[in-house]
Amino acid sequence: MATASVAASLPFCLLLSPRLFRGRRAVRWPRPIRASASSNASDVAGGERKLGALESRVGDLRALVASVPPAVASIQKSISPNFVAGFCVGIAFLAAAARQVIIRSRDHDNRGSVADLVRRGQLKSGQRGTAKLRTYDDPFNNSLVKIDEGTSTAQMFGKEYRLAPVRLTKEQQEMHQKRRSRAYQWKRPTVFLREGDSLPPDVDPDTVRWIPANHPFAAASSEVDEETAKQNVYQKDGVPSRVKAEHEALQARLEASNAVTKLPSDPRSMQHNERPMRSSGKPSENLQSSKFDNQGRQVSIESGKHSSDGSSQSNGPEGQ
Amino acid sequence: MAFTPPRLLPLPLPPAAAPASTRAVSARHHGGRTAPELSGPTPRVVVVTSGKGGVGKTTTTANLAASLARLGLPAVAVDADAGLRNLDLLLGLENRVHLTAADVLAGDCRLDQALVRHRALQDLHLLCLSKPRSKLPLAFGSKTLTWVADALRRSPNTPAFILIDCPAGVDAGFVTAIAPAEEAVLVTTPDITALRDADRVAGLLECDGIKDIKIIVNRVRPDLVKGEDMMSALDVQEMLGLPLLGVVPEDAEVIRSTNRGVPLVLNDPPTPAGLALDQATWRLVERDVMTAVMVEEQERPKKKGGFFSFFG
């Protein structure tokens, strides 16, 4: 606000003549005029001087007032109506453009995204999944829940509810079970086969669940057999089987390449074999890159799996 | 919302034959305990299923698991939805799921490495069946989760509960999810579409030998129930003929908690739905069921007082 007023007053000051400007400065603070007469002669002379000074200041003020209309007229002459109209149109255009920019920036603010939720205060940034645990109290008996056993009412969150007893009896429950057992004759499938595959000879057709090709379970083939998969699930410590197998395969390749490089004495062939040696010089790195390309940030966690002591960076209770 | 008032109703069984859970309910109200008594051998493998999609299976699983963990009962929540998993989002663990049960099967990692521990709840672990765009080996049929549950049972730190979040429908995902389960929590909403699917799923579960099935009626609106525009929890129970584990009211806080990645039962201050899920967890732990439900809101007598009471 202050800067605006300075900006507005500055051109007006420049238009004034130096004299007027000086006079304007001089008439800053009006002095008080004494209305009472004084008996002292020096006081009379001083009063005359003051009166003269006051008259000169009033004259300056009159000159200032007289000079203002020509200044305004000069401004009006210098600014044509076309200029004013153009200026207004320009301001309106700028305002419309600014409004459009603001609306677009709001639209591009990822509405419905996590960022938008954070902006609206529904989601606290960086605090997702973390909660200050509530101190525990009995959910049946606390300050928010009051049960009046005499009147069969319950008061909860300030509202009062009527309690109705459950009417289901054991007989009714068994009756429903019989009804369902008659209505739904079902045997849980134990074998999943992809639609279009042939039925194996030793499989009961009633135990087969046919899976469409686009189902998440419909993998083309499994690299591990059932027994290995079961062992993998039951494995409590040590290196996981596939990681171990890959490591052993790389180790075997490294040993094989070392054996090959030891045999020839020709330096050319040594140079030829240099590249495979380099590539196989760090088996652990190769192992990680081959297996954990799609794991991203989990490489550090995965690397813990290679330790056979079971003290990996586990998230689980067994690794604690 | 529903409660189990101790002296409200005559119990169907004589006191000598009353189950431990019923006795525990009475003890709970009179003794002022701070935790439920765990009933049955551990780990208890519970599948949370519904048949119909969108009734709140995943929300229920996340909240039951979080509530169990807060009670100090170790729980492993298994997201058995291979194609459309969401449990990690509700628990706020979506950025930490890098290894899944599919990786365990393939030998890329051990089972304990695929379990993701919750940051705040040390007793809560998450296991996802597979990554969204990956495919599971077909050859193992429905054995995958059976092996997983058995391996967890044999592990040194056996969890108290294994909660399996079942995918919607009754196809291969459902078959895989229910395979290791001994108990089932059937989540339904009080509408006829969800009820028909729930009845069918209950029939399939019973055919598979899972007899311990309890229902959670989700998204109940007491105002609509009062106006007879919505079935009450008792109506739902009458149609399905299954014991009630909980009645969860419609609550806008569910959306907020989902967005925050914090289960509703951890909300402070507690919300109506969170409190109902907390109560359901207590009943699940104690193998208890509801004996009374809140059916309608009562008009509270207005207190007379002030200047205008003079005019009646």
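Here the Cβ of each residue, glycine as well, is placed from N, Cα and C on the backbone.
TrEMBL: automatically predicted annotations, no manual curation.
What TrEMBL annotates here:
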{"type": "BINDING", "residues": "B:LYS52, B:GLY53, B:GLY54, B:VAL55, B:GLY56, B:LYS57, B:THR58, B:THR59", "note": "ATP binding site"}
{"type": "COMPBIAS", "residues": "B:7-17", "note": "compositional bias 'Pro residues'"}
{"type": "DOMAIN", "residues": "B:46-263", "note": "domain 'CobQ/CobB/MinD/ParA nucleotide binding'"}
{"type": "REGION", "residues": "B:1-42", "note": "region 'Disordered'"}
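Feature map: annotations from TrEMBL on the structure.
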residue : record           : Cβ within 10 Å
B:LYS52 : ATP binding site : 20
B:GLY53 : ATP binding site : 14
B:GLY54 : ATP binding site : 11
B:VAL55 : ATP binding site : 25
B:GLY56 : ATP binding site : 23
B:LYS57 : ATP binding site : 28
B:THR58 : ATP binding site : 28
B:THR59 : ATP binding site : 25
Exercise. From the centroid of the CB atoms of B:LYS52, B:GLY53, B:GLY54, B:VAL55, B:GLY56, B:LYS57, B:THR58, B:THR59, the recorded ATP site, which same-chain residues not already listed sit within 8 A by their CB, in sequence order?
Worked result: B:SER50, B:THR60, B:ALA168, B:VAL187, B:ASN218
For this session: Give me the mean pLDDT over the domain 'CobQ/CobB/MinD/ParA nucleotide binding' (B:46-263), rounded to a whole number.
Result: 90
